[in-house]
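S.K.: My questions all concern the structure below.
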Amino acid sequence: MITRLPERWQYRLLLWPLPILLLLCYVIPFAGIVTWSVTLPELGVDNYARLANDPSIHAVLWRTLHLCAIVGVCALLLAFLMAYCWLYSSSRWQRWVELCIFLPFFISVLVRTFGWLVALRNNGLVNSWLQDLGLIDSPLALTRNTLGVIIAMVHFMVPFAFFPLLSSMRQIDDRVLLAARGLGASRLRVFISVFLPQTLPGLLGAFIMVFVFCLGFFIIPAILGGGSTLMAAEYVFLQMFQTYNWGIGAALCVLMLVLVSGLVWLLMRFSRVERLVG
Amino acid sequence: MNIYRVGWLAKLLALITMGFLMLPLAAVIPVSFTGKRYLSMPEGDWSLRHYITLFHSSEWIGSIMNSAIVAISAALLATLLSTAFVIAVWYRNNKWTRWLIGLCMLPLIVPPVVSAMVLYFMTTNVSRIAPGLGYDSLPGVILAHTLLIVPFGVINMLVAISRVDRRIELAARNLGAGLWQTTWMVLLPNLRLSMLTTFLLCFILSWEEIAVTLFITSWEVITLPRQIWSGLRDNVDPVVGAISTLLIILTLTLLFLRMAIQGWRAAQRH
């Protein structure tokens, strides 16, 4: 039956279903969110005025940006280390590094958060190890506070930073490093003056990616933060389902999307996205 | 590869990082075997009581069934939609199709909480016309998950199709095959395994989805992650330890399966 259709139509039948579905069920509903933000509870820009003036919302936003930046830097450091070791080690090492990156990557965020809850509790693994080693006398408070959230979020983000960093490192020509060694530079010097500068675009791209992913996060802060680290995404969740203040939730969503679009634009400017995924 | 080597300090630090990456997974497993009613490390009292509770609880089993239905349907839909789209893009790639690829990447770039709001809006509006298809219904969750995971399907299929030799299309066309025949008889057989890995990836992503599911369901459709979420929110339920351990094993199995498929495909190509 389909073969009787003109070829132009066969082609359209392949191309359009997905974009049309996305337009209908994703893009148009987004316009609905924008409408909510200017019509609920009443017509006007009151919600945006609140975003601009309400100190409690400012506190949430600043905390979000601040936490995302810390998490971004830490995740980048760890991912850099892993990618570096992957690139210049034996294949046995490479397989171990891959396992340590892939396994957590594919495990549900809830399982990982639960794991951190178990590991970081007052009588959890980390505290009992530290006590057994005699490093601390009383357990450190690691959950239900910001530190726990940062640890778990860094853990979540390392694989996301690993892949773009690795692909940017792979484009570095080994012979340049060897040449620098041959010209008498020390290993440290080669790393700082030759290797590091070449990974800068990758580092910047990975940082923006991790930062963007962190912005919309609310599972980890909600479980490990114990209410003390209210971040933007959890704030939206509370506005929607506990205080039923949909207008302000929608306005915050629009603001987040604007911020993310800006960051993605930066990402496209400074590094070629295809290279980061490829 | 090995002309430039890593120093011992970097290796040591990398080992510590690897420990850090594995720590939360390793912590989960012993906890699931505790004999106590509350969350604790087993101290000689190893038991399977939380596994038994898990398999006798209709809530947990029901949530697993729901998640399986949702993940299989959403992964199937996402794989089919992304394959068709990617094939069309492969035939004719121009400025417009690049815009469409950008459109398909939207759910990946947009923060999950914004996606959640958008899909909440979508499902509640569908509910006004057809209550069984929108908010807090299986079809609604399947549709929402499909939209969320489709970017990963598109990326995976784009990578796969870029490896297909363009000349096979020319050859098929020269021999008189139409677009439909070329797609079915020439392209798809070349993409079968990639479609399978795409399906597996999409399955895992939908199976684990929580942020959006929290927004678009209330009490009719409880998926597994949602059930875990309620088990974590207030008093931590030790059954979460048992299900987490099982999930880790399942993920490991799927991961090995995916690696095996890729290895087999690589071997086939040589």
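Just so you know, glycine gets a Cβ as well, placed from its N, Cα and C.
Below are the features I grabbed from TrEMBL:
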TRANSMEM  B:12-33  transmembrane segment
TRANSMEM  B:64-87  transmembrane segment
DOMAIN    B:64-258  domain 'ABC transmembrane type-1'
TRANSMEM  B:99-122  transmembrane segment
TRANSMEM  B:142-161  transmembrane segment
TRANSMEM  B:193-219  transmembrane segment
TRANSMEM  B:239-261  transmembrane segment
S.K.: Within the same chain, where does the transmembrane segment (B:142-161) have neighbours whose Cβ lies under 8 angstroms from its own Cβ atoms, ignoring anything closer than 6 residues to its ends? I mean 6 or more beyond.
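M.R.: Same-chain contacts beyond the ends: 69-71, 73-75, 77-79, 81-83, 85-87, 89-90, 101, 104-108, 115, 119, 122-123, 187, 191, 194-195, 197-198, 201-202, 205-206, 209, 212-213, 216.
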S.K.: Verify whether three or more Cβ pairs under 8 angstroms connect the transmembrane segment (B:12-33) with the transmembrane segment (B:193-219), leaving out any pair fewer than 6 apart in sequence.
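M.R.: Taking Cβ pairs at least 6 residues apart, the transmembrane segment (B:12-33) and the transmembrane segment (B:193-219) are not in contact, as fewer than 3 fall under 8 Å.
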S.K.: Can you name the far-off residues of the same chain, 6+ from the ends of the transmembrane segment (B:64-87), with a Cβ under 8 Å from a Cβ of it?
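M.R.: Non-local partners: 100, 104, 138, 141-142, 145-146, 149-150, 152-154, 156-158, 161, 183, 187-188, 191, 195, 198-200, 202-207, 221-225.
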